[in-house]
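*Asks:* What TrEMBL shows for this protein is this:
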type	residues	note
COILED	1-28	coiled coil
BINDING	Cys38, Asp40, His99, Cys102	Zn(2+) binding site
Amino acid sequence: MKAFLGALEFQENEYEELKELYESLKTKQKPHTLFISCVDSRVVPNLITGTKPGELYVIRNMGNVIPPKTSYKESLSTIASIEYAIAHVGVHNLIICGHSDCGACGSVHLIHDETTKAKTPYIADWIQFLEPIKEELKKPPAIQQPFRQAFMAYGAFECALATQQPLKL
């Protein structure tokens, strides 16, 4: 009910305040940045970046994962969205936004727990993309930092490689 009332409040107040902006976005979007983030409700892309509607092209999934090239067929939603953002929308920047206490990263053990895997097979299948970095996720954040930066750069490279589009970083 709170979300419904919030939508009504948005229509009556916030939309009116930005009506000119929303009208300009009706026929064409031109976001400057592709923002890949986790589905965690604590991660709010426009709030984090201080951007307005139309400035970010947002892709969200568990753990802000960009599946490896060998797995694209099993995870077309993410890679198709990346391709669309680069090839058709024309984004020029990429942000892969991780966050602390990520449930997806914390549940990487599900890959080998057959009981849990049977109860939540789709989560277990998705989490398997984190298997290559499982040992890194166990390290304290200060030690993880260089690895995280390298992993983000790898993600940007995978995006550019998959879509065969240059990506300015």
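For all residues, glycine too, the Cβ spot is worked out from N, Cα and C.
TrEMBL: automatically predicted annotations, no manual curation.
Could you tell me the structural context for the features on the list?
*Replies:* For the coiled coil (1-28), the residues of the chain that approach it from at least six positions outside its boundaries are 52-54, judged by C-beta separation under 8 angstroms.
Sequence-distant neighbours of Cys38 (Zn(2+) binding site) (same chain, six or more apart, CB under 8 Å from its CB) are Arg60, Asn61, Met62, Gly63, Asn64, Cys97, Gly98, His99, Cys102, Ala104, listed in sequence order.
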*Asks:* With every protein chain in view, how many other Cβ atoms are within 10 Å of the Cβ of Cys102 (Zn(2+) binding site)?
*Replies:* 19
*Asks:* Which residues of the same chain, at least 6 positions away in sequence, have a Cβ lying under 8 Å from the Cβ of Asp40 (Zn(2+) binding site)?
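*Replies:* When sequence neighbours closer than 6 are ignored, Asp40 (Zn(2+) binding site) has His99, Cys102, Gly103 within Cβ distance under 8 Å.
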*Asks:* So what's the mean pLDDT when you look at the coiled coil (1-28)?
*Replies:* 89
*Asks:* Have a look around His99 (Zn(2+) binding site) and count the other CB atoms within 10 A of its CB, chains all included.
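*Replies:* Looking across every protein chain shown, the total is 14.
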